[in-house]
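Okay, structure first, notes after.
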Amino acid sequence: SHEHCHKNLRQSHFNPGPSCLGYPVSIFFIVVNEFCERFSYYGMKAVLVLYFKYFIGWDNDLSTTIYHTFVALCYLTPILGAIIADSWLGKFKTIVYLSIVYTIGQVIMAISAIHDITDTNRDGTPDNMTFHTAMSMLGLMLIALGTGGIKPCVAAFGGDQFEEHQEKQRSTFFSIFYLSINAGSLLSTLITPILRAQECGIYSKQSCFPLAFGVPAALMVVALIVFIAGHSMYIMESPKGNILLRSNCVSNRFNHRSQQHPKREHWMDWAEEKYDKLLIAQVKMVLKVLFLYIPLPMFWALFDQQGSRWTLQATTMDGNFGAFIIQPDQMQIVNPILIVIMVPIMDSAVYPLIKKCHINFTPLRRMTVGMLLAALAFVAAALLQIQIDQTMPNFPSSSQIQVKFLNLENTSVPVEVEGQEPFAVPGFDSSNDYMTLDTENITVSAGGKNATAYFQKSTRHTVLINTDGMLQTLNDITEKPNQGMNAIRFVNGFRSHLNFTIKSDNLGPIAPLQGSGYLSVPHGKANFTIVNEEGQTCHYILQLGFGSSYTVLIPSTFSFGESCTENIKAIQDIEPNGIHMAWQVIQYFLMTCGEVVFSVTGLDFSYAQAPSNMKSVLQAGWLLTVAVGNIIVLIVAEAGSLPDQWAEYVLFASLLVAVSIIFAVMAYFYTYMDPMEIEAKFMDLEPEEKKRKELGMTTKDNLAYVNNETSNNTDDKQTKI
């Protein structure tokens, strides 16, 4: 209302914009901008790995490597944006210019995903994949430069909109700011996979990656327009120069390393001959905080595995929640949902309660607790992984093969494998489980006839047999189907060719006594249509869970008609996922609690402890810890020395506990600063400092000068000196 919305004048060198309920109106534009930009970034990132794998055609390892390299690059470029903002353009212009670069990158990504551009033969597959790969890499580089470059500037620019006495409002702003990040992440993670699942195209219909990338590009345009619209209301400080580009204290210290030069209290003091003490004090403040940042990447090394390791873990779980189905890659949405819930609870309930209990819960203590909660989340993930491993099939090792037998006849067939106990395979059924062997050559006696088969190591096979002996060997999958899908194949034991279809997928005609390849089928009721050469049809429904594999046998007794499905036999090769995905909520909850007390606090701490002309750089330093964390994940993932995934989770948890102890010790000896108060003191001393430098006085001369001034001036002057 008009009563609450008014204009105030800040008691400083600039005038604030309009305010409402104690908050600058300008932060509305900043928060909306951040929401749209985060929607754009997370929306694009949500489908990026699938784009690499299914559109570009890279394998899982290369797709994962490029994905994490891109994320790391997004968090390495903030230091460049911070230097540009502090030394050259200022925060506002930096945000605008790099947002334009960002938008161009998103548009290029959307164009790179249009398969019709190079699909000259209109078969649905691009004919010039080099073009699409090059375009996508160019787009990703521009996106990394844009999103990384504006990251430290937006948060710091929002903090600039508050007056000195609005510390509480500024802290609340950072919470709302972080809330907008996760709101954008929440909606985009939900929406863009749905857009990708649509089919689109000019000549042929494929997964709609252009739409999945195009909507984030449109949101980036909106973000840019909204931010520029608030131009007249912003408080914009001119760039004051970047300290990192101006300090030469290291070379100066090297030049004065001999014993004839007296030691100085801090190594930055060697820059006194060239720079004023205010600048040196500002550098000291920044370095003091940056030193604290050294242990922080380990937190992000764990946190960022939500999109990789935890998603892979979810592919081995059951995502049926009754009223709705959660796909493995959608489970990441739990984090932003919990963030939206937890941030207000922590600000309005938990922190005030802790304060009432007279507990000094300082920012650095909060961050330590956040790191320990993240470690606890990985302990929960390890315990869950142990339960999952107990339900997983035992696939062959690098020196083994696995074989099972499928009987196409309605009578039992005796089977003997060299070196193994003889057994019988029931009619129209398979042997109970896979037989694990340590040899590549096996001699099989089936139905009284002998045959020798050669198999590659680390493979699985199903041998089709009947009363005449071994007929054919089928290659079985040696891992759980990806993304909770189900692998279904058919074996035709019927006397004529059969065609199998489900929706638009067609296995083609399968000859008698032959097997088909695998179809990837989602959870739920799978309705297969079986058609013979005369056009007769049979509809067969198979209820599927997550991550299972079936071989569907059409026996010789099969016949078309109303009861056509009675004799069809579905043989389970891999059991569906037995552990429910809801168990992951525990580790997501612990990680989210850790994120709230670590990341939100860290953003505010970085701003509050930064000198006026280095806020963007310190924000960039904070974001740089995220990049280093991603690099840690890449190193550990590439090394891959641990055989069990649960052991890797425990390793990461142990490392973070050790690092959090080190951080707690560092935090104990840290003294909180008031940068504005320190800067004010040095500004009072600046006139005398300049006068001494103009006279070319040495350090000893300075001391004599100060003593002389002290004896000749008033008490007030003495106090000032």
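Every residue, even glycine, has its Cβ placed from backbone N, Cα and C.
Bear in mind that TrEMBL entries carry predicted annotations, made automatically and left uncurated.
Annotated features in TrEMBL:
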COMPBIAS  699-713  compositional bias 'Polar residues'
REGION    695-721  region 'Disordered'
TRANSMEM  39-58  transmembrane segment
TRANSMEM  64-83  transmembrane segment
TRANSMEM  95-114  transmembrane segment
TRANSMEM  134-159  transmembrane segment
TRANSMEM  171-191  transmembrane segment
TRANSMEM  211-236  transmembrane segment
TRANSMEM  285-303  transmembrane segment
TRANSMEM  333-354  transmembrane segment
TRANSMEM  366-388  transmembrane segment
TRANSMEM  585-605  transmembrane segment
TRANSMEM  617-637  transmembrane segment
TRANSMEM  649-673  transmembrane segment
Region pair the transmembrane segment (285-303) / the transmembrane segment (95-114), three or more CB pairs under 8 Å: no
For the transmembrane segment (171-191), sequence-distant contacts whose Cβ falls under 8 Å of one of its Cβ atoms, 6 or more beyond its ends: 23, 27, 30-32, 34-43, 46, 155, 158-159, 161-162, 215-216, 219, 330, 332-333, 335-337, 339-340, 343-344, 347, 599-600, 603-604, 607
When counting Cβ pairs under 8 Å to the transmembrane segment (366-388), the leader among 39-58, 134-159, 211-236, 617-637, 649-673: 649-673
Beyond the flanks of the transmembrane segment (649-673) by 6 or more, those residues with Cβ under 8 Å of it: 285, 288, 291-292, 295-296, 298-299, 301-302, 305, 309, 362, 364-365, 367-368, 371-372, 374-376, 378-379, 381-382, 385, 609, 636, 642
Long-range Cβ neighbours of the transmembrane segment (211-236) (under 8 Å; 6 or more residues past either end): 14, 16-18, 24-26, 28-30, 32-37, 39-41, 43-44, 47, 51, 90-92, 95-96, 99-100, 102-103, 106-107, 109-110, 112-113, 157, 160-161, 188, 191-193, 195-196, 198, 200
Recorded stretch that, among 64-83, 585-605, 617-637, has the most CB pairs under 8 Å to the transmembrane segment (333-354): 585-605
Stretch of maximal Cβ-Cβ contact with the transmembrane segment (617-637) [cut-off: under 8 Å; candidates 64-83, 95-114, 585-605]: 64-83
